[in-house]
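Input: a single structure, listed below in structure tokens.
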Amino acid sequence: MAQGLHLIWVIFCLHLICISSQQETEFIFNGFGQADLYTDGVAKILPNGLLQLTDGSGQKMGHAFFKKPFEFKSPRSFSFSTHFVCALVPKPGFIGGHGIAFVLSASMDLTQADATQFLGLFNISTQGSPSSHLVAVELDTALSAEFDDIDANHVGIDVNSLMSIASTPAAYFSEIDGENKSIKLLSGDPIQVWVDYGGNVLNVTLAPLKIQKPSRPLLSRSINLSETFPDRKFFLGFSGATGTLISYQYILGWSLSRNKVSLQTLDVTKLPRVPRHRAKNKGPSVVLIVLLILLAIIVFLALGAAYVYRRRKYAEIREEWEKEYGPHRFSYKDLYIATNGFNKDGLLGKGGFGKVYKGTLPSKGQIAVKRVSHDAEEGMKQFVAEIVSMGNLKHKNMVPLLGYCRRKGELLLVSEYMPNGSLDQYLFNDEKPPFSWRRRLLIIKDIATALNYMHTGAPQVVLHRDIKASNVMLDTEFNGRLGDFGMARFHDHGKDPATTAAVGTIGYMAPELATVGACTATDVYGFGAFLLEVTCGRRPVEPGLSAERWYIVKWVCECWKMASLLGARDPRMRGEISAEEVEMVLKLGLLCTNGVPDLRPSMEDIVQYLNGSLELPDISPNSPGIGSFTPLIIGSNPPVSPSTKTFYTSSSANDSTFVTHSIIHGDGR
């Protein structure tokens, strides 16, 4: 009898211990005024009970964890439910931010992580490492191409890596409409988030503050947490980070339970208020006003003294025939100011026709200005007419040309600024993350669509004449846009172009250019070289390599002959690769660079090949013209070093002669 009572007493004590342990990891915080949390970085609890992860400064991160670990006795009991309210508030004068994450981590010490796109979770060494023992639900408000983000407003599930195993645009399920409604994370408004785990399934649900928990989760993914946390123990908390993109990141309330049934609901009426940050606007003092008036008088006198000099400095060439192009003409003064005097700090790049600078115009926003040297007055009217016509062409995969300016011996071309630069930076710059095959193929399709429009869809046939990776720009979504139309020429459909100019870049120029001049087939040749360049991750001409690898066309053809065509692809290519697609694009590149112009496909056919609506012709490395690369060199010898070489060319159109000089670099620029 005594032994039975003793056994019952032991079982009762163990039950009390389990209940106590469970209660220690179940809580509700309607504000964090009384919460005992571990914080580091810039994270802190404000006097009103608001948990602030970041304080509006750049390149910072902050963490906040519940101090007691969440433990499970067996994988079957591996479950939890949590509910929190967050707010991401933009900082006045800044764009965006890098978002926050709800974190499950084997350790509370994440101080070795990096801010910015790493969200305070990983650094370049721990990113992707299984030893990180970390799972996160990210609310990401910045598009990071290196992590294959889908957009700049998404929710993702991360396991030891910021390359999410599942992600979707931020939204919540509307019970009234029976569909998902988009929700903006970086709005400054409080957002509810539920994270439920059980049965090896992780569910994430979002909703605005005053809406009850939707019946359908936004994101659901099978995941075995016992594999990530073999010790069956982890800490729960939050992480936030900023970079050059800055926002204020707050947690208003948080509740946690081991199951959904016992999860306590946050009382939204008790949650602390989110501060609204406004730009400081203090009225100027009397002394400051007087000083400003005196300064204005001095400046006015100085401007008056320099007026004549400045008029001469900013003098432009304006002729009668330019009146019809008035809306497309910019003043030199406006462009000079927009580019901060063509400051070298704003230099985006330089090529055969001149340098490109970044600028900002109040009416147009951010722009790119290319300064083209042009001493010849003959043919200028035709050139300007074609530039203006180019600006009238509208296509989603062409960099919009906004207009021009003429001054003395130079022409300035103004286009929209592309924030992600040119494609060649991601192909040949080791400081940039190499693109995946999927992204490369999408960019290839973008440029094919643009060229097809220029050849067949525009009012006149437009020949680009300089298709290469450095002339392919990337917009905010990393879509490919064909740019740099300084060499473009027009002609009517069904007629031959009236040009005999051999302009362009070595390796992209069709062999027949020197004899028959430019036509759509020569553009196709340049596009073929571009296909090989993007897929192989090397320039069409590489004098530094062995002789048999100099010219990409011959080298890819030789790889095909050796039954190793796939081996020609860029070895740095990330992500999953479709061998069938890669081989198709390489073969299409060889078909486009066929030495016989009549055997090259049209851009219309090329678009269908790339979209899979038309099969590639049955060709082999021994087919006529395939791999018969004869580089067009205006001179006596092929390039043997990446030194600068100058070519003088001329073209005629409408009985006018336009003389230019093109500086073509051996490195393909």
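Every residue number used here counts from 1 along the chain in the order it is shown.
Even glycines carry a Cβ here, placed using N, Cα and C.
Record note: of Asn123, Asn611, Swiss-Prot gives the feature N-linked glycosylation site to Asn123, with no matching annotation on the rest.
The Cβ of Asn123 (N-linked glycosylation site) lies under 8 Å from the Cβ of Gln112, Ala113, Asp114, each of which sits 6+ residues away along the same chain. The secondary structure of Asn224 (N-linked glycosylation site), as reduced to three states from DSSP, is coil rather than helix or strand. Around Asn224 (N-linked glycosylation site), the C-beta neighbours below 8 angstroms that are at least 6 residues distant in the chain are Pro75, Asn200.
Per-residue confidence over the topological domain 'Extracellular' (23-285) averages out at a pLDDT of 92. In the three-state DSSP scheme, Asn123 (N-linked glycosylation site) is classed as coil.
Around the Cβ of Asn180 (N-linked glycosylation site), the number of neighbouring Cβ atoms within 10 Å comes to 17.
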